[in-house]
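So the structure is just underneath, and the comments pick up after that.
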Amino acid sequence: MTKTYKYEDQLDFIQKSDDVKNLFIIKKGFVPNMNVEGHLFANDNLSKLLFDELKQFTDDPGSFLPALKQLANVAALPGIVKSSIALPDAHSGYGFSIGNVAAFDMDNCNSIVSPGGVGFDINCGVRLLRTNLLYKDIEPIKEQLVQKLFDLIPVGVGCQGKIPCDYGDLDNILEYGMDWSVCSGYSWAEDKEHCEDFGRMIQADPTVVSYRAKKRGLSQIGTLGAGNHYGEVQVVEEIYDEYSAKVMGIDRIGQVCIMTHSGSRGLGHQVASDALVDMENSLNKSKIKVNDKQLACARINSDEGKKYLKGMAAASNYAWVNRSVMTHLTRKAFEEVLKESADDLDMHVVYDVSHNIAKIEDHIVDGKLKRLLLHRKGSTRAFPPYHPLISADFQHIGQPVLVGGTMGTCSYVLTGTQLAMDLTLGSTCHGSGRTLSRNKSRRILDYNEVLNNLKEKGISIRVASPKLVTEEAPESYKDVSEVVQTCHDSGISKKCVKLRPVAVIKG
């Protein structure tokens with residue numbers, strides 16, 4: 001029988017590191033069968049939120065386990081190496097916490113892949129465009145501009161895309177990713193140079209994606225969706241690293257940028273759902289023991305594991321095309337309102353990052369080079385300068401890291417570091433992280449008050465479902481500036497640019 005510890009006893013398994021700033025170590029024994037430690041990166045304030053969640057947990061049916069429990073349960077999965085890592089924006093999710101990083105040894109025949117370690121919105125990510133405009137150039141036409149963006153980019157639950165696409169096109173999207181969008185005229189050739197994996201995972205196989213998933217995805221290309229997804233017109237508020245910012249084409253306070261946050265829409269959700277059914281059915285056959293049934297998984301080299309990775313890669317390619325088409329529509333909106341070409345406005349992609357994805361990467365573990373399957377769920381790749389997988393333009397500064405804020409709060413551009421490779425498997429935060437559930441946000445917040453607060457900050461907003469904006473109110477989230485500063489202080493990413501929203505479209 002598994003021993004159940006009281007909260008005070010559980011704290012005996014958690015200690016603060018003396019060597020690394022903002023690191024809490026969850027020792028083996030916190031939950032059964034841990035193969036490695038859990039490592040939580042958080043300052044005292046952010047860690048208190050997670051400790052309070054653990055203390056107040058009542059094991060209600062249907063509720064997620066506390067994030068610290070989830071972090072430790074992942075540490076018990078077969079083949080995991082180094083540690084199960086939680087970043088400062090970590091909060092409870094399906095199986096894995098959101099903000100969890102976990103790596104599995106590709107040379108270990110028992111190593112697993114888990115859809116819960118990627119999430120339902122496969123390759124949910126963020127893209128940032130820069131312009132040569134200053135805020136004073138758009139301030140008089142800001143309302144017109146945000147309305148044009150809202151008119152051109154479909155938003156909301158179940159929204160339909162405006163790009164003609166048949167199943168043949170969809171298969172090409174799933175296989176070729178941004179290569180398709182370049183050939184089809186929805187991306188500039190240079191765009192993919194500033195995307196992770198250059199906007200295409202080559203192991204993608206459209207044939208493993210179910211008809212139901214394809215049917216859901218067919219009409220949603222170039223759509224924003226709902227939830228925490230958004231399109232924002234932003235202005236540069238602070239520049240912390242002038243050299244790195246200039247390499248990215250950001251060199252002035254007040255410079256106008258555009259950030260788009262979306263993923264693989266219904267197609268990715270269905271790919272994840274289909275894989276979970278396959279893996280739940282195979283768990284008994286494979287005799288894999290998990291502490292939580294939401295951690296359904298399969299061995300990487302099993303039929304189920306290979307199928308999921310091929311389908312996940314296809315959904316990732318879909319997400320890159322989705323953001324590419326919205327980039328095309330964003331450029332079109334600026335052209336129509338400002339009466340200048342996107343090229344003349346210098347509307348170049350700064351970078352495109354993935355927040356929910358699994359990738360095969362090489363890392364040093366215990367002094368040895370190992371090929372690992374990296375699960376990043378609600379976290380961002382943060383490779384250092386001179387890493388071979390970084391675009392040539394950024395070799396001297398490290399990978400740009402895009403950290404989106406909540407509705408009405410600032411966003412950040414960071415850069416990756418060598419210390420991230422050493423401590424977090426080349427990973428850092430992705431956003432702010434929820435503190436209130438969506439249901440609780442709807443219960444206690446008034447949507448009119450939320451909208452009025454945005455207007456008082458000078459933020460123009462267009463939203464498809466006004467009553468749902470309470471779910472994304474700043475009060476529902478941790479402070480993104482505190483999250484970013486915690487990562488900066490720990491050395492796993494460096495602050496580069498701070499961006500302030502001036503116009504927002506949401507579902």
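For all residues, glycine too, the Cβ spot is worked out from N, Cα and C.
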Request  = Would you identify which residue of His39, His229, His328 Swiss-Prot lists as part of the Mn(2+) 1 site it also attributes to Asp121, Cys124?
outcome  = His229
Key: Mn(2+) 2 binding, same site as Cys124, His355 - Swiss-Prot member from His194, His261   = His261
Ask   = How many neighbouring Cβ atoms, not counting its own, are there within 10 Å of the Cβ of Gly433 (GMP binding site)?
value = 26
Query = Using Cα coordinates, what distance in whole Å links Thr406 (GMP binding site) and Asp121 (Mn(2+) 1 binding site)?
reply = 18
Ask   = Around Asp121 (Mn(2+) 1 binding site), how many other C-beta atoms are within 10 angstroms of its C-beta?
value = 23
Message = Spatial neighbours of Cys124 (Mn(2+) 1 binding site) among the binding-site residues Gly231, His261, His355, Asn356, Gly433, defined as Cα within 10 A: which are they?
response = His261, His355, Asn356
Query = Of all the binding-site residues given, namely His261, His355, Asn356, His430, Gly433, which is spatially nearest to His229 (Mn(2+) 1 binding site) at the Cα level?
reply = His261
Message = Name them in sequence order: residues not among Cys124, His261, His355 whose Cβ is within 8 Å of the mean position of the Cβ atoms defining the Mn(2+) 2 site.
response = Asp121, Asn123, Gly125, Val126, Asn228, His229, Ser262, Gly263, Ser354, Asn356, Gly404, His430, Gly431
